Amino acid sequence: MIKLLRSYCLYFAWLVSCIGTLMSVYYSYLLNVEPCVLCYYQRICLFPLVVILGISAYLDDLSVKIYALPLALIGFCIAIYQVCLQEIPGMTLDICGKVSCSTKLFLLGFITMPMASALAFFAIANLLIFATKSE
């Protein structure tokens, strides 16, 4: 059973990246929530993963780990930094533009956007680590 699940890890990672991308676009363009600078950096890491993981899942190509894992880990680090900006009093970032990077916007009423982003990048990274070829 575990072997079967591990063979679908690339598909699950692709699904997580698709959901993250759709949520990002939904909040930006349909709800008109302006993203901060760190959100743009996280998008730079997330958006290519949709294409990269989609193609690699279709081709069952595990060499994608070389390209996708660094993107997921960099995105995770940026998201965790933004969570720290929001949660630790006194932390500031000078490059924030009109929208402050420490502004809290809750998804579904209980989780902040950067925390959801960090969880998504963490899930993608772990799914890539545990992925095996389909049989």
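Including glycine, each Cβ sits where the backbone N, Cα and C put it.
Under the heading transmembrane segment, Swiss-Prot lists 7-26 (among others).
In the shown protein chains, 23 other C-beta atoms lie within 10 A of the C-beta of CYS36 (disulfide bond). The disulfide bond feature in Swiss-Prot is assigned to CYS36-CYS39 (among others).
The transmembrane segment feature in Swiss-Prot is assigned to 41-60 (among others). If you look at the transmembrane segment (41-60), the same-chain residues 6 or more away from its ends with a CB under 8 A from one of its CBs are 10-11, 13-14, 17-18, 20-21, 24, 35, 67-68, 71-72, 74-75, 78-79, 82, 114, 117, 120-121, 124, 133-134.
Positions annotated as transmembrane segment by Swiss-Prot: 67-84 (among others). Beyond the transmembrane segment (67-84), the same-chain residues lying 6 or more positions past its ends with a Cβ under 8 Å from any Cβ of the stretch are 13, 36, 38-39, 41-42, 45-46, 48-49, 52-53, 56, 91, 101, 112, 114-115, 117-118, 121-122, 124-125, 128-129.
Taken from Swiss-Prot, the feature disulfide bond applies to CYS96-CYS101 (among others).
Under 8 Å from some Cβ of the transmembrane segment (109-131) lie the Cβ atoms of residues 6-7, 9-10, 12-13, 16-17, 19-20, 23, 27, 38-39, 42, 45-46, 49, 53, 62, 64-65, 68-69, 72-73, 75-76, 79-80, 82-83, 86, all in the same chain and six or more residues away from its ends. Look at Swiss-Prot and you will find 109-131 (among others) tagged as transmembrane segment.
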